[in-house]
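*Asks:* Mind looking over this structure? Questions follow.
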């Protein structure tokens, strides 16, 4: 409960840094300026003579006071020296702010406590510095510095406060109670010191709980913004800080502190309120007397100088002990700033040597057994070591080890800094995990089945060879390998081994990666019989200025010039003031086919469905299947006894095929209750139409129907697109309109909309096959402007089938691309808005691609650019294909 309160407090402070900082500073200034608590304005030496104070000062032990000040300065110096070993300038700066502001707050409290008498600070500040503890402040700063984003900074500060807050609160309470015992001693000088100590602890606690976390959050936020959103504070050796700080304090120690606190509270209560005050501690009952400010012995005098001149003269006139203290502080400051920086950097470089180029770790083999990681620097060494490893495996009898340990460590990022010897040591430490030794020869199937079915053992106690043996014997279905293995990756690895033996070239899968992939998001959602994943280059085009916003559009493609061309179109649109877009319609469709005994029956059912009563019945059944699916309309056609019903419904942020299919099935069941003679032939009767060219999608629309437009100034057409408005309009008419009509195209009145649609679909986890209908587009160009030299362009796409949840959008790389566009996941405030926004981005990017390609065609640059940028430089004669090998 207490940790939760501190967590909420930390999150609030980190989320509102400006408010907390301004409020804290304002409160401090008010404490300095207000005069309600101390009614008298007596200042010793200026308007009052304080003979007792002067006598005490003259009789005080100057040597001890000087030593105390020097020790305090050395203590702060060593604390900052320890912070420098962390290697982060941000921790140093934040700790400095913490110290300065804590001193400021403490000075304010002391001034008020002494009735605005600044001479008390001379003895107070050393005790404050001795009680300053930067360890917790630096620990909280390290929590924040281990973050990757500003949101994570706030969350980590909240976690740090939840962990450190209760401990720090208890420690501050215990310190105040322990030090406060000295205020009851009756010794005036000890009472003053203990009073200063208590105020020091309280000031430190106040700053740590308010100003400091807000300052940390604000500093890191400003640092992030100064580098275009990239976190510049994160250090590699902070990666483990959360694990280290998560260790809770010793509960025994905490209980002892609590018991001590209760005991000290009783002591204070008894001494201050229950016991009779004795003459020896009567000074403790009167703060004025205990602090040597007895007004009975003070005499008022007329000031000879102004107050600021009085304070200035006291600051300039320094005693010998003050000169010693100031000299030591300046000497340590110079040493810390100028002479220790190189030494610290040298020490850090020895701890974390960085060499360039960085050695990378490659996985070599694709066999069933674990093998030590091999470090390679070039392909020649890679193949030589691979061949040697294969020969050694043939000659030697090895102990087969399952992939469990490797898979457990494979998901942790391995950062290699330093030389290869250090790397080898780190790899050995990582791989030293408990492993069971398995026999080289496969055991009988019966024994293997018993181990597999044993809940305490399972597949991790079987070698890959034994698993393959069970698959070949039909005891394990090949499609269930991932679910039966201890890790999905091992199941994929075994399937690759099974498949490699059946391929014309056993090493065919060598360059198809499969490691370090989150297959849990794939199984049962995206793919079956997985043997790896296909890396595709992802480029970015942008910024695309659309509806007053800028988007960096990810495009996954292997076609050269595509991203560059689209990027040029985005630049032209941006220079023209940006594009505007609107969503005309939003509705996914599913078109089942049902059959009736006679054609007249089909016609009658069609007529009934067109009535408000019939539509209401079907809509209620359809809408009951989902909180997002809402039937909009029915479009029907009769072909003999067959009735084709096209259901159109919104689907939120999902593309919606599964959602609409579920609603369609429920609606057909309801329709069958009214017409029992109806026969459901198929939930999909190709009347949708999905993944096939269809005029109904072009005319009626499917998914999101979007229109996008822009005006490109004549200067941009000439200087960026390298052509003229007249030439582009002429090419557009004769190519995109007349040419497509001559070819009998359906929805293909564009230059290459499918290129952009498919590239974005692959990058953002969409169904790539739906580029067939989604690429329906008509591109229109007109002359505009006062002189008709500007270019007006529009793209209308009536059937963009797209979504931001479900399917491939659940995969992390695809989610990253969606996050680039700000449309990842479902929109909570307005369901479906993310998908509609993505459709507008697709249409706007298509228009950019159309603009650039049409300009290249008009200027005659297309062939030349592709010859330069889209031609492979590999000598194909040096590559032997499968047919060549067979012929040889």
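Here the Cβ of each residue, glycine as well, is placed from N, Cα and C on the backbone.
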*Asks:* Looking at the ranges 249-275, 276-302, which is given as transmembrane segment in Swiss-Prot?
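*Replies:* Checking Swiss-Prot against the ranges 249-275, 276-302, the transmembrane segment one is 249-275.
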*Asks:* Same topological domain, and so the same side of the membrane, for residue 9 and residue 221 in Swiss-Prot?
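*Replies:* Checking Swiss-Prot: the two residues are co-localised relative to the membrane.
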*Asks:* Which one of these stretches, 75-78, 79-82, 83-86, shows up in Swiss-Prot as motif 'INSIG-binding motif'?
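*Replies:* That would be 75-78, per the motif 'INSIG-binding motif' entry in Swiss-Prot.
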*Asks:* For the feature transmembrane segment as recorded in Swiss-Prot, pick the matching range from 160-187, 356-383.
*Replies:* 160-187
*Asks:* Please list residues from the chain of residue 691 (active site, charge relay system) whose Cβ is under 8 angstroms from its Cβ, counting only those at least six apart in sequence.
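*Replies:* Those within reach of residue 691 (active site, charge relay system), by Cβ under 8 Å and sequence separation of 6 or more, are 767, 769, 770, 772, 773.
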*Asks:* Are there residues at least six beyond either end of the topological domain 'Cytoplasmic' (1-9) with Cβ under 8 Å to its Cβ atoms? List them, or say none.
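*Replies:* Result: 158-159, 161-163, 165-166, 209.
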*Asks:* As a quick check of your reading of DSSP, tell me how many residues in the topological domain 'Cytoplasmic' (1-9) are helical, how many are strand and how many are coil.
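*Replies:* Going through the topological domain 'Cytoplasmic' (1-9) residue by residue, I get 8 helix, 0 strand, 1 coil.
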*Asks:* Quick check on the motif 'INSIG-binding motif' (75-78): DSSP residue counts for helix, strand, coil, in that order please.
*Replies:* 4 helix, 0 strand, 0 coil
*Asks:* Is it possible to list how many residues within the topological domain 'Cytoplasmic' (150-159) are helical, extended or coil according to DSSP?
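*Replies:* Split by secondary structure, the topological domain 'Cytoplasmic' (150-159) comes out as 10 helix, 0 strand, 0 coil.
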*Asks:* So for residue 767 (active site, charge relay system), how many other CB atoms are inside 10 Å of its CB?
*Replies:* 17
*Asks:* Hey, which bits of the same chain come close to the topological domain 'Cytoplasmic' (150-159), Cβ under 8 Å, at least six residues off its ends?
*Replies:* 7-8, 10-11, 13-15, 140, 143-144, 213, 216-217, 220-221, 224, 242
